[in-house]
Structures are given as structure tokens and as C-alpha cells.
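Peer 1: Structure in C-alpha cells, see below.
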């Protein structure tokens, strides 16, 4: 299962800043005053080759009343959910009584805890951090979350031991970086116009990713808000009353893994607990269910996002959808309870879906009734299609041809008067498909052009139901850092020009 890392500490020590840095988002509000984060926030992160779920919490200072007391409860529950706790302290403010109280609680819970001294930029970090050793929680890691300094080393140190404890299941190698690094070596030695050379590169890259798509057992996670019919859909798919169904939100508390076979294909159905608004999550057991659901998404190959047709799509559905896309999982949207609706209401629901889900037009949408079984059988065609698209193998020569066709139809923009040059593309991984594009000044490409390339690759490769990740790799400049040596003739010409310039100034 995916490790869970909780960020806890006093208010305004930089927990939300670190959360945004780890998840590479701006999901957590950040401001220079305490108490801004009032609830737990979950995010997906991939740092130093490790996939994990990170939880941002409100601050604890021991004087909570009213809403602050609820914030403290959220933080304590996050500690219970986590595999590792990052206890953030303020290096500039030094050790305060609230830090000592939090440390005492963490020792009592016997949680794996790492003390992280934040805001170490611009100060003598070693001397400022020395007093935090009094907390008795081991080494003190020094970071500057706002600048990103020390964050990668922190995660590597924190999750490496955890990966060993969990049989290294969570210590997933970062395929993207390894593919990029290897491609740099090929860049200088091989001709990408030559099919024999590109075949060699494809063979090398295929060895890295072959194991990841070798397993033909397709894992399907059924997720959504409470009481949208996830367990009913699971039972309809299985043809038996395998999971408890009741017309009350929150019946399913844990993720249930159920193996099955259909038309010779092995599947694992994952029925999950409903994910509702954080403000409505009250029971401790339900809070654990949210984590289990997010971990099930990470573990799945294809996710069925189930929506109640009678309630429409909510902000919580969109939040869950964002987590699915960030995790890179294939997606099929299931609109349940479609039976019994009038045609006018059906038209309204379809219009609302088109409006709010226009950014994921690559996903299939199915209108079903899990209770009566209508439309359920067609789901497997979309599941197999999405899985096949997510794991299909493409060659370097094909991706490079598509890249050049895209550049011919719409040239890359000028940057500082120079045209961005896109040299070649190669596969960087599967599930989801990763395309690595090499070129010059590619880091300066506008987001609009990156979206154009993503859509062009999707259309050309006919990828349905799976997100695409495009990585940009700057080409090696053999002359970078080297001083230009002039020939004797060039030196004499330079001297004559300098004399001419000096005379013209007089």
C-alpha cells in the first residue's frame, strides 16, 4: 500500500508550504499568519522516486478552543493515519513549549517521527537547530520549504527505511528520471534518424518497463461519494451479494478487494468507502476509510468514478477526480441511478457533465442503473480499452514522427528571438503513458503549446481513458561552460577592430 506521511506542528511553521512543495500544487492556502489551515488536506506526491500520500494539518499549540480545538483534533487523527510523521518546527523561532508538548504526544503514540526544522534559509542553521535535539526524537533535518532546499534529501531519508519495512513495495523507482538520464547518453551517441538506432533505444527502454505491465490482472477501483451505489455496482458486476448494501451513506468502511474473471480476463474489483466533504467526516473510522480509498486509487489500474445522476456532479467529485488524474490512473466515468429519470432531467444532467467535465473529454461516460443492471455490461469494454491505451507500447521512431508532424502544423514559439527546437521523443514509461521530448529551450515552452502537444499525441496515438504525461528534457550543449578559443587570424582581426572603435570614440 502507498505510504502516508503526515505534516504536523505549531501554526505557521510552514506545513502547507511543504505540502505544496511535495505535491507540486498550490492546493493548500499559504499566508504569513497562523491558523489558516483548518482541516486535513490529502495530496499525492512523487519525490526522489517514492510515491506517497501526504496529509497537511492545522497547527497545534495547546491553547485551542472552538474551531481551533477541531483543528487540533484533525491533526491528532492525521497522526493516527500516518506511517511517518514529519514534525515541523520553526528554526528561527526556536524551541517553544508547544513543540515540547507535541513531541511528548508523538513519543506516547510510538509513531515513526522525524523532526524537520524549517525556515533555515539566511541563518546559521546548525546553531539554531541544536536546541531541537532536546525533544528526544533523533536527528533534526534542516529544510527551507519555501525555496525547496533539502526537501528531496528529507523524503529520501524518511521513506527509504519505510520502503525496506514494507518489502520495498512503496520504493518505486522513478521511471521518468531514469529514462531521461539514459536518453541523455543516447543523445550524443546515436542517430535518431536511423531506425536501427531507435530500435536499440526502444529495446533498452522496454526492459525497464516490461515488468510494470507484465501483470494481466486488471485492478478496478470503484470510487465516489457515499451512497452513490458503489457496492450495488460491485454486486451487480459479480452477480452476487458480495458486499453489504444499505440505503444509508457510509455502509462500506474499508476497501474490499475481490478477484473475478470475465471472458478469460482476470480482474480485481476494489469496492471503496465513499469520500465526502471533509467537514462532514465525523467518525474516526470514516476518516481511515478516506485514506483507504485514496490508497485503492493508487493501487488500481482503472478507476470507475461513480456519480449519482439525481444529485449531479459536486465539488467533492471534482476533488476526487483531480486525485485520480494526479495519480495517473485510467478513468471511466459512471453515472448511476439513470433509471426512472425523465428525458428533460437526463438532458440537464448530460449538459452539466459536458460543462463541468470538459477538461477530461478523453474519458468514456456510461449511464447505468446498478440496481437493475442496465448498461453495466458495457463498462468492461471501456475498462479494457482504457487499460490497453495506458499500457500500449510505442516506438521512439513513431513518437518522433508524431512530434515533427505536430511541429510542422504548429511551430514552437520564439523565445528571446530564438525558435524552440524539438529534436526527438521517446517513451518514458507506461500506465500512464509517459512521453519524453528532448530539445533546446524546452523548459521555456508556453503551457498552451504543451497542451497542444499533449492533445496531438493523444489524437495520433488514439489514447482513450488514460491521462498522458509529457516530460521535457533539455538537450546537452557540448559548448556550455567552455571558453571560445580564437585563432591567430581572429585575434589580429579583433585587435584591429578594437583600435578602430577607440579611434571612433575620440
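Start at 1 and count along the chain as shown; that gives each residue its number.
Just so you know, glycine gets a Cβ as well, placed from its N, Cα and C.
Take a look at what Swiss-Prot says about it:
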DOMAIN    3-166  domain 'EngA-type G 1'
BINDING   9-16, 56-60, 118-121  GTP 1 binding site
DOMAIN    218-391  domain 'EngA-type G 2'
BINDING   224-231, 271-275, 336-339  GTP 2 binding site
DOMAIN    392-476  domain 'KH-like'
Peer 1: How many helix, strand and coil residues does the domain 'KH-like' (392-476) contain under DSSP?
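Peer 2: Helix, strand, coil within the domain 'KH-like' (392-476): 32 helix, 26 strand, 27 coil.
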Peer 1: In DSSP terms, helix, strand or coil for residue 272 (GTP 2 binding site)?
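Peer 2: Where residue 272 (GTP 2 binding site) sits, the three-state DSSP reduction gives coil.
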Peer 1: Helix, strand or coil at residue 15 (GTP 1 binding site), per DSSP?
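Peer 2: Note: residue 15 (GTP 1 binding site) is helical by DSSP.
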Peer 1: Are there any residues at least 6 positions away along the chain from residue 9 (GTP 1 binding site) with a Cβ closer than 8 Å to its Cβ? List them or say none.
Peer 2: 15, 59, 60, 87, 88, 89, 99, 102
Peer 1: If you draw a 10 Å sphere around the Cβ of residue 230 (GTP 2 binding site), how many other Cβ atoms fall inside it, taking every protein chain shown into account?
Peer 2: 29
Peer 1: Out of 57, 120, which of the binding-site residues has the smallest number of neighbouring Cβ atoms within 10 Å?
Peer 2: 120
Peer 1: On the three-state reduction of DSSP, what should I expect for residue 230 (GTP 2 binding site)?
Peer 2: helix
Peer 1: Tell me which of the binding-site residues 12, 227, 272 sits in the most Cβ-dense spot, judged by other Cβ atoms within 10 Å.
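Peer 2: Its Cβ has the most other Cβ atoms within 10 Å: 272.
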Peer 1: Compared by Cα position, which of the binding-site residues 12, 57, 120 is the closest one to residue 224 (GTP 2 binding site)?
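Peer 2: Out of the listed candidates, the nearest Cα belongs to 57.
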Peer 1: Of the binding-site residues 227, 230, 272, 338, which one has its Cα closest to the Cα of residue 120 (GTP 1 binding site)?
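Peer 2: With Cα distances computed to residue 120 (GTP 1 binding site), the winner among 227, 230, 272, 338 is 272.
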